[in-house]
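Structure record follows, encoded as structure tokens.
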Amino acid sequence: MSFSTLVSDLTYRDAQRPSASTTTSTISAAHDTRSQISRARSYASTAATSVSVSGDISSQLHGGYSHPLARSWQAERQLTKSMLIYPIFITDNPDESEAIPSLPGQRRMGLNKVVPFLQPLVAKGLRSIILFGVPLAPTAKDTLGTAADDPQGPVIAGIRLVRKHFPQLFVVADVCLCEYTTHGHCGILHEDGSLNNALSVDRISDVAMAYAEAGAHSVAPSDMNDGRIRAIKLKLIEAGIAHRVVLMSYSAKFSGCLYGPFRDAAGSCPSFGDRKCYQLPPGGRGLARRAIHRDIAEGADIIMVKPATQYLDIISDAKEIGKDMPVAAYHVSGEYAMIHAAAKAGVFDLKAMAFEATEGILRAGASIVVTYFTPDFLDWLDT
């Protein structure tokens, strides 16, 4: 009941009471009004106290987020620039700068274009990038992914270039063979076309070592071969560099249809079959939890979940299992492209949806987000 309603109600009640004497009717209207207001306040106060006593006061939430700053305080994790990792596609054509049609606003570029591209982003507060190599030369691919750790290849050359020009930038190197193999799968294959896990792990760990020795702050194996985290960690230890290289594992990477724009950018679409036998099935929550447990035990420093929006429960699981570890989430190319497409169609505002999706990822438990929205967030977080 509102305060004004209380006053009206009390006035009505007084009007129904019989007059005690003719003298009462001479009391001033102002005195009556003051008396009614005072009684209404007392009534309202008593009502509020009774709510408190009954325990229902806990349902009164609106005051706690009535101001924009107070709303931001309600978030366990607030998005900051240091949480963002920006994916960069580097080709073996030094002067290339080509837009990726299925990935709005993103480009793949050669080494000569990387520094001028990154300069304004670093000036705005970019803290970290993840590098993906895109070999374009006709002879760059073979069945073993030989070019993946070519000292003159796009990733190793890119690591050295970025470390030289932007020493404060944290450089992550994605580790996989799919961009470098003729078959487009994430490892070395048996004759029947299935994945040879033992040979793949040995090869992946060698590539990770090459990136670490080139100066990558972090190596991030995305291949999903069993046992590759242990193999990489052991080689880092043997080389005496485990103390300065962050091992970020794509622990829960799910198969699905959200990687299309990335595969356009990286030229990594399988030439036959699919990756369902080594990437996780979309419904495989138990498998994801087992993979996370395994990778932590094998020496991962950061756990990653990929994709993000459709797998918020897995991000939450990762934080529960690795409660003392950072959890990363990759907001993948398909998620990014869908938001752009829907915004273009007028379904919602691009900026609002980008924040909503990312805040959901943080709420689920991630503290690191790999996202193509990074350049936008660098601007948006300043306004």
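From the backbone N, Cα and C atoms, a Cβ is placed for every residue, glycine too.
Whatever TrEMBL says is automated annotation, not expert-curated.
Positions annotated as active site, schiff-base intermediate with substrate by TrEMBL: Lys253, Lys306. The Zn(2+) binding site feature in TrEMBL is assigned to Cys176, Cys178, Cys186. According to TrEMBL, the 5-aminolevulinate 1 binding site annotation covers Arg263, Arg275. Residues or ranges marked as 5-aminolevulinate 2 binding site in TrEMBL: Ser333, Tyr372.
When the binding-site residues Cys176, Cys178, Cys186 are ranked by how far their Cα is from the Cα of Arg263 (5-aminolevulinate 1 binding site), Cys178 comes first.
Summarising the environment of Cys186 (Zn(2+) binding site), the number of other Cβ atoms within 10 Å of its Cβ, over all protein chains shown, is 26. Sparsest Cβ environment among the recorded positions Arg263, Lys306 (other Cβ atoms counted within 10 Å): Arg263. Each of the binding-site residues Cys176, Cys178 was scored by the number of other CB atoms within 10 A of its CB, and the lowest score belongs to Cys178.
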